[in-house]
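> Here it is: the structure, laid out below.
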Amino acid sequence: MTSAEIRQSFLDFFARQGHTIVPSSSLLPDSPGLLFTNAGMNQFVPIFLGDRAPDVSKWAGARPAKDTRAADTQKCIRAGGKHNDLEDVGFDTYHHTMFEMLGNWSFGDYFKKESITWGWELITKVWGIPAKRLFATVYSPDKSKNDPSDFDQEAYDIWAGVFKKEGLDPAVHIVHGNKKDNFWMMGDTGPCGPCSEIHFNLLPSDDEVEGRKLVNAGVPRCIEIWNHVFIQFNANADGTFSPLAAKHVDTGMGFERVAGIYATTKGFKDFSRDPSNYNADVFAPLFAKIEELSKKTYNGTVPTRREGLGEQENIDIAFRVLADHARCVSCAIADNILPGNEGRNYVIRRILRRGILYGKKLNLATGFFEQLVAPVVESLGAVFPELKERQDIIRRVIRSEEESFGRTLEKGLQLFNEGAKLLLDAHPIKGQADVPGVGTITNIGGVTRFLGGKFVFRLYDTYGFPVDMTQLLATERGLAVNMVEFASEMQQQQDRSRAAQKKEVIVAATEGDNTEAAQPTKFIGYDRLTADAQVLDVVKTDKDLFLVFDQTPFYAEMGGQTGDHGVVKIDGQTFAILATVKDKAGRFLHKLAPACAADVARLNPVGKKAALGVSPLARRAISRHHSAEHLVHWALRKTLGTHVRQAGTSKTKERMRFDFTHFEALTPEQIAEVERLVNSKILSNDKVEAYETEFDKKPEGTLAFFGEKYGKIVRVVDIGGYSRELCGGTHVSTTSEIGLFKIVAEMAIAAGTRRLEAVAGQAAYDFVEEHETALKAVTHKLNAGPQDVAQKLDSLLAHQKELEKKLKAYEQKAAAGLADELAAKATARDGLKFVTATVSIDNQDALRSLGSQVLHKLGEGVVTLGAALGDRASLVVYCSPAAIKAGHQAGKIVGELSTKIGGKGGGKPDFAMGGGKDPSKLADVLKQSAPGVICSW
C-alpha cells in the first residue's frame, strides 16, 4: 500500500461502520487559548462537553452517515506550548512539528467493545499487522499516588478475548498502565476516562516476552500506534469522579508513523531495519526536491548525540528538518497562520527560520524554501485541497520571509562563528576564565564553555538573530548559552522600552489581596451615556486620583479602545473625568485632575450618590472608529485574503490604527479598494448588532483572537451579517453613522505585520478639508484647475530637470577652468607638484571632483583643498603614486589638518577626507601646515 492508500483504507473502513467522514479542521483552532489544532478531537470538544448536539453529517464537506459517529484525518501541529517537539525534529525519525492524526469517534453511540474490536480488525485483517507483535495497555490505577477511578476491567476483558481468539496469552499481551500513561483528562475538571493503547513490537525478533518489556519504555523499536480513549467520567472540582450520562470514544493514530512502519518493514513483513517515519512515500517528493537542489543524497543515518556529528549525519538531519518544516509551514499558511512576531505566528516563523538555517547547512541559496511548496502540494494536496488553492500565496509568504531572514542570517552567522571560535580557542584553566565580550569557561568536573547572555542578546537585539538559532548552533559546537544572563538582558531592554514610551501606568493604591476581592464595576454604557451611581472608593497613586462607582456608563480602556471622559457631579460639585481605566479586579477607575484632590478630600465622597455623564461627542467619535475598524478588517480580508488577522488595534476619537498580518506592502490600488469597500458599506446603512451568546454557539465565521481570554458567554458584534467579531467595545447603530472613512497611512511595523491608520466621521471630514485647502493653494499657485495640477507639475519638474542639467554642465565647465587655474599656480619640489588652496564651492562632492581634476592635471603631486560648507570646514587630499612613494600620505595629512580645525578625518594613502567645526581657521591652518603654497579661490 502507498501512504495515500493507508489513509484511504482507514477512512473507508470506518465509513463501512456507519461513520460520517468529516474533513480536517483548520490548524487555526476555534479556541483562542490553543496555539494550534494539535489533536483530532479538537473540533469535537463542544460535542463532548454537551454544548452541541452531534450533527457531523451536516458539516460542510462531510461524507454523511450517522451523526453520532465520525472519522477523519486531521492536520496537527505540535510546536510550542505544552506539546513541543520542535528541537527533536531531524535528530530522530519519528518526531514532527506537523503530522496527520487518523481517528474515529463515537458520541454517546458505541463504546469499548466496538472500538477495540474494529480497531483490531483494521490493523490485523485489513492491513495485515502480525497479531503476535501487538500489545494493548489498560488502565490500572496506582492508589498510592491517588490515581482516579478503578481498574478498567471492561477493556481488559475485551482485549483478553481478542488475544485468546488469536491464540495469544493475554497475560503477556496486555500491559497495565497508571494515570500517566492510561488515563485521559481534558483539564482539571470536565470529561475524562481511561484509555487503551496499541503498541507495535518492531524488534527483529517477534519474541513476545521481549516485546512486552519495551512497552512504554521510550524506545523506537516498540511504539504506540493507536490510542483509544473511553470518555466515561466527569472530573469534579472537589476531586471526585462521576459517571457521564453519555459515554464517548476518541481515538487517534499517527498516520506518518504507520505509513513509515509499513514502508520500512515492506508491508509489515521484514523487521530487520530500524523504523523511520521518513521512509513513508508521503515524504518522497520532498526528499527528491531537496536532493535536486542540494546535489546531496539522503542516507537515513540517525545521530546518537548532538555535537561532533559526521558529514552524512548532518546532511540527513537537514533533509528531515526541511521535509518536516516545509510541510508544517505550508499547511499553516494555507490555514491563514502566517509567520509573525507573537503567539502562533511566531512559532511558524521560528519553524521556517530553523528550516532556512538547515538549508544553509546543505549550501542551499536563498530562495530554496519556497521551492519545497510544490512537493508538499504534490504529496498532500489531494487530501488537503486548501494547499492547492493557496499554493501561490504560500510561496509568496515564504519568499518574503526568506529574503528578509537571509539578510539577518548572514550577519548573525558571521558574528556567532567569530564568538564561538574565540570561546573554543581559549585555553581552559581550573576555575573560571572569561573570554571578553563572548562568554566564560568553567572547569567543574569537566570543561563547559558558555556563550554569554550579553553576547547572545546582542545577536538577537542588534541583528535580529533568534536565540533558539543561537542555542542550536551552540549545541552543535559543544557550547551552552547562559540563558539566565540572556533573560536578564531581555528584561532590562523591556524595562527601557517601557520607560521610553512614557506610557501612563495606573497602579491601584489598595494593598495586598483587597484589590482582587474588590467589587467589580457594572458597566451600563452600551445604551446610555448618563447614570446615577454610588461612590465606592477613592483610589490614589503617587500622582493620580481616581473614583470608583458601583456602576458606570464610562467605557474603560481595553481591547484597543480608549476610555471615555466626561463629568461627575457629587453634592452639587462637578469634577471632570479625564480618562477611564480598569484594574485587575474589574473595577473601573475614573481619573480626576490631581488639582481636585483637596476638594475630593473635603467632600469625603465614599458612599454618596453621583451623577455621571460621558462626553457624547467623544463617545460617538470613538464608536465610529471602532465600527470602522471592523469594516477595515472585513475589507482587508476580502481584498488581500483570509490570511489577514488582527495583530493590534487602537481606537480614539481622533483616529484608528489597525495592525494586521500580511507579507508585503499594499499597493495604491489595494488601499483604494479597501477604502472603497468600507465607504460602500457606510453608504448601505447596514445594521450593527451586538448580542451575547455562549462561546461554542457563536455564529460560524465569527472572528476570535488568540491570546484573548473569553469566558463561556461572549459578545458578538455583527455588521450586516458579513462582519462578525467577538468584541466588548462600543459601536454605532448603523454603518451610515460612521459618515466617511479615509485611510491616511499604510506602513510596515514588523516582518509580516502591516499597519493602517485611518480616520472616520468628523475626523475624516477634517482630513479631507485640510487636503482640499492644500490643493486649492497649489492650484492657485499653479494657476491651474485641480484636474490639471498633475500635468502642470510634470511640466514644471521636466523644466527643472532641464535647468539642473544645464547648471551641472556649467558647473563642470567652471570647475574645469578652476582646476586649470589651480594647477597653473602649483609649486614644484623634489620632482612633485603641490597645490594647497581654499576654494568657494557648494558641496562635498564638488570639492572631491575638483581635487581629482587638479591632480589629473598635475600628473604627480599632492593636492590639498579646503572649503567652508555652511558652519563646517571640509578637506580633501589627493596624493599621486610618486608622492606616496616619496612619503606623502593623504590620510595622515587630512588627520593632522582636521585636528587643528576642531574635527577629525582620515582615509587611504592616495585619497582622504576630513573636516572640522571651525571654518574660520581653515585658511591659516592650510597656510601653516600643508605642503605647497596657499591660494584662495
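Glycine too: its Cβ is placed from the backbone N, Cα and C atoms.
According to Swiss-Prot, the protein carries these features:
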type    : residues               : note
BINDING : H626, H630, C727, H731 : Zn(2+) binding site
> I need the neighbours of the Zn(2+) site defined by H626, H630, C727, H731. Which other residues of that chain put their C-beta within 8 angstroms of the C-beta centroid, in sequence order?
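Apart from H626, H630, C727, H731, the close residues are S623, S627, E629, V688, V717, I719, E725, G729, T730.
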> For H731 (Zn(2+) binding site), which residues of its chain lie six or more apart in sequence with Cβ-Cβ distance below 8 Å?
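H731 (Zn(2+) binding site) has long-range Cβ partners S623, H626, S627, H630, V688, A690, V717.
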> In sequence order, what residues of the same chain, 6+ apart, have a Cβ less than 8 Å from the Cβ of C727 (Zn(2+) binding site)?
G559, H626, H630, A690, R715, V716, V717
> Have a look around H630 (Zn(2+) binding site) and count the other CB atoms within 10 A of its CB, chains all included.
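I get 26 for this one.
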